[in-house]
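> Got a structure for you, questions after.
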Amino acid sequence: MITEFLLKKKLEEHLSHVKEENTIYVTDLVRCPRRVRYESEYKELAISQVYAPSAILGDILHLGLESVLKGNFNAETEVETLREINVGGKVYKIKGRADAIIRNDNGKSIVIEIKTSRSDKGLPLIHHKMQLQIYLWLFSAEKGILVYITPDRIAEYEINEPLDEATIVRLAEDTIMLQNSPRFNWECKYCIFSVICPAKLT
């Protein structure tokens, strides 16, 4: 009963996700460009990851902490916004959804990004930090907090430097042109599309 509900809900969320034309999501900018492309071209492989227990656990922890932030810090949760950039003479939308946004006493936004991880080694991870920095740019915010929940600890890291627009344009170019695939050497090890990818690192 509960298992069926969780799996069905996860699949419905995945299938309802339709990418708009000339739109790049923040998460696309911090992962392998080929993986982003393959998720659209090989949907059957992408769907298989929907049922991973670790993904469902992450969703549940997100919902729980977002509820705590909403109830105790007056946070807005699942806040979406977008900004436009010019890449090669063409306008693209950079779209993102922050886990939560808290207003401080001065009315300024603090962007909260929640991450779950099996390990607490090497935190904060560079791609997570970059993601939050892009959110700071996207929401015109000066402060962000990266919250990690792992089996061994709960930790938060303050990020106060938005990514500059020139870097975001370069990341978007990589995503569009399939350059710098993968972005990080470790990505292939965990990628469902590695079985068909010519850029796989051995």
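Heads up, the Cβ atoms here are built off N, Cα and C, so glycines get one too.
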> Select one of D28, D99, D152: the residue that Swiss-Prot places in the Mn(2+) site alongside H62, E113, I114.
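Swiss-Prot names D99 for this Mn(2+) site.
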> For H62 (Mn(2+) binding site), just give me the three-state DSSP call.
helix
> Determine, to the nearest whole angstrom, how far the Cα atom of C191 ([4Fe-4S] cluster binding site) is from the Cα atom of E113 (Mn(2+) binding site).
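Distance (Cα to Cα, whole Å): 23 Å.
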> Compute the centroid of the Cβ atoms of C32, C188, C191, C197, then list the same-chain residues not in that set whose Cβ lies within 8 Å of it, in sequence order, for the [4Fe-4S] cluster site.
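For the [4Fe-4S] cluster site, the extra neighbours are R34, R35, S181, P182, E187, F193, S194, A199, K200, L201.
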